[in-house]
Amino acid sequence: MPTWSLRRRPGRTLGLLLLLTVSFLVLRRLKWSTLLPLWLQPQRLGLRTKGSDFVLEDSTFQILGGSIHYFRVPKEYWKDRLLKMKACGLNTLTTYVPWNLHEPERGKFDFSGNLDLEAFIQLAAKIGLYVILRPGPYICSELDLGGLPSWLLQDPDMKLRTTYHGFTKAVDLYFDHLMSRVVPLQYKYGGPIIAVQVENEYGSYNKDRAYMPYIKKALEDRGIIEMLLTSDNKDGLQKGVVDGVLATINLQSQQELKELNSVLISIQGIQPKMVMEYWTGWFDSWGGPHNILDSSEVLQTVSAITKAGSSINLYMFHGGTNFGFINGAMHFNDYKADVTSYDYDAILTEAGDYTAKYTKLRQLFGTISGIPPPPPPELILKMIYEPMRPSFYLSLWDAILFMDDPFTSEIPVNMENLPVNNGNGQAFGYVLYETTIFSSGVLSGLVRDRGQVFLNKVSIGFLDYKTTKITIPLTQGYTILRILVENRGRVNYGNNIDTQRKGLIGNLYLNNNPLKNFKIYSLDMTKKFFQRFIADKWSMIPKEPTFPAFFLGALSVGIYPSDTFLKLEGWVKGVVFVNDKNLGRYWNIGPQETLYLPGVWLDKGLNKVIIFEETMAGSVVQSTDTPYLGRNQYVN
């Protein structure tokens, strides 16, 4: 076989030279740098400030951002949501990083599947989006304990979000691991990350003046070289600033914009202004209304922000779902747990569908950039399936017979200090406490968050924040007292995060005498938890089931599994699992009445559905192609 050479093939050589010349001229005319992915473009200087402007390389740059949390969206739908963001005319993705999900046990890290942060950031770059990373360690985000791991609370003296040694030691180890993943994805190294946020809204907490400088140094010492930002609302802006870090603001109204911009100028002089969180809606709490914000008001406020030359981040662009037990809570006057849906009345719905806000903002952002956005992707198909009728049943009292031996203790032990999960305690779910009593009287104690009280197998009421005492009726002889306690979500914002231990807190009293000798069952309801309940453990559903109980059924799906929403009419309160995926909590007090079930979590044919119901079961589980999140209330 002859060897090819330039000498032997002069015609081919001339052809190659001609092709290279023509290609160079075409690319030059088309501004070749805009045709390359972000990470292949020449990069040197990164995001900087120049007077009142941001500058990226040599060009003035207005950040038009939107928030999507990868951990609230099935990985299979990341591309769809990011393409919809790009098609709305945005240029930057912002996301939080949840420490509690990435380090569920000390030193054991999980960045796989739906938690693959690097894949999410790289996908954003491929689609043409820059990234602002918000790594915490505290992130708020309406997430359990603001994204901090519950095992931190095993330390009785723990002082979260301070330079307390027990906290900083844990942060240092976490940041060692996290930043090794993040550093290579920075803009100056060829990645899409143009800025990194230092903690989150610390000015509203402000318990340790040394803390924010510590977090800033922790980031820089581990290789963060991009611009650093802080983010604060009106309550904390003046107290949240850090030397050498650009302050940004969080708000919802034009009135707040005027006030906070004046404060910003007084704090840091002439600098680029950015609304790090423009709240496009609001989150919902169980027992409350569904909060919404009118699309016309959103358009007016976003227009005012951008016309003033400010950069903006839409929080949320797409909220997603608090799958599992990850939702947070608020506790000022009353304890209020967040619902499963994190729809947020955002620009895209919980299932990624377009809204009036999307249409209006897409037109606005296209006008600002002067470049028509790419066409929006098609909507993902929704389906109504045949109603699912559960066939099998397992009462909680039978289920505990198949579990590991309970933990025994003279006194109650809170969830975080249970000797489970390799010494890291229990983070989420329920805990069952059992002891024996021999008399009637008044039962009292601190239950966090909600405890159903049983005598033997009969429910006699609930203990919670408002009800701290319950009357035990006259009993004869030996009686088993049981309390099923649910962690409904740790507070994610406020000054009381150090006290967010769950379960029974301290002693449980009968007639002011402390009860002793408890059996304690950890009911975390993970995939491993349900593996105990093999087929022969289940029985047919009796005419009058004993509650609480697990119900097992099969959802029949056709050849093309599609998104749907489960509707649990007749059911009261519990949790739904489909193919080992925890869809989250339902509760008939509302406002949320449907649970989002992504089609990518379904299989063709029969799909296993398990429902844990606390008090009363319906006969079927229906599905719908339209979510119902409750009675609307406009955000004030």
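Yeah, the Cβs are placed from backbone N, Cα and C, and that goes for glycine too.
Given the structure is predicted, the values throughout are model-derived calculations rather than measurements.
For Glu201 (active site, proton donor), the same-chain residues 6+ apart in sequence whose C-beta sits under 8 angstroms from its C-beta are Cys140, Ser231, Asp232, Asn233, Gly236, Gly240, Asn250, Tyr493. According to TrEMBL, the active site, proton donor annotation covers Glu201.
Under 8 Å, Cβ to Cβ, and six or more positions away along its own chain, Glu277 (active site, nucleophile) finds Ser67, Ser231, Asn233, Asn250, Leu251, Asn313, Tyr315. The active site, nucleophile feature in TrEMBL is assigned to Glu277.
The domain 'Glycoside hydrolase 35 catalytic' annotation in TrEMBL covers 54-366.
Summarising the annotation, TrEMBL assigns domain 'Beta-galactosidase 1-like first all-beta' to 425-524.
For the domain 'Beta-galactosidase galactose-binding' (548-607), the model's pLDDT averages out at 98. For 548-607, the entry in TrEMBL reads domain 'Beta-galactosidase galactose-binding'.
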DSSP residue counts for the domain 'Beta-galactosidase galactose-binding' (548-607), split into helix, strand and coil: 3 helix, 34 strand, 23 coil
